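Undergrad: Taken from Swiss-Prot, the feature ATP binding site covers 19, 83, 168-178, 186-188, and the record attributes it to similarity to another entry. The compositional bias 'Basic residues' annotation in Swiss-Prot covers 15-30. According to Swiss-Prot, the compositional bias 'Low complexity' annotation covers 31-44. As annotated by Swiss-Prot, phosphoserine applies to 21, 219. If you look up Swiss-Prot, you'll see 1-45 marked as region 'Disordered'. As annotated by Swiss-Prot, transit peptide applies to 1-43.
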């Protein structure tokens, strides 16, 4: 599928950055850090910039739809933020692909190239953006690469100046139970306690929860009380900002 098709955003709205991994304090900004304000973007001039962190999963798709239905308001702009790991190729459809597979099994199918994975990632994130496009919300797609997904996500959220960030998860710690380091779960837990802006975690409803999603809201930050008012139909868990 071509991300440039009419059902997807134009390619200039999709940027995959390959910057060196920042190993510095959240309060230190390097002059070499690329600026999202260098050129006009679809989010310029928005009253609020709402981030939705996505990992190409069904949970992320649900989080985007929830944000459209319950959180995003006229005048807002949305940034779909994806951090792609550098050490392992990971995709919702491909699954984790350790680099040692071909060494262990010479008969294994050739692994996708980095270019293939970049194209796959851009297409999948563009698919996630469809609800935003359908309702006319301005948005852009921001993709970066780093081996430390949790820290990089928090750094990008701060650098982009987001008013709030929404992400999907089946529950904190779900990632650890599955033994994967690529999906939101403990990532969302880390963001709840380290991001500089309010964080809303929408847990994909399962058989235990019933049809109503569980929404976890990080306390702190000034976000006009939007979370409580907008998602009154969902069960809430509140976490104090440490």
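Note that Cβ sites are derived from N, Cα and C of the backbone, with glycine treated the same way.
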Undergrad: State the three-class DSSP label for residue 168 (ATP binding site), counting H, G and I as helix, E and B as strand, and everything else as coil.
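TA: DSSP call for residue 168 (ATP binding site): strand.
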Undergrad: Please classify the secondary structure at residue 187 (ATP binding site) using three-state DSSP.
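TA: Where residue 187 (ATP binding site) sits, the three-state DSSP reduction gives helix.
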Undergrad: Applying a 10 Å Cβ distance cut-off over all chains shown, what neighbour count does residue 168 (ATP binding site) have?
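TA: Excluding its own Cβ, the number within 10 Å is 29.
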Undergrad: Note down the number of other Cβ atoms within 10 Å of the Cβ of residue 187 (ATP binding site), including every protein chain shown.
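TA: Taking every protein chain into account, the count is 24.
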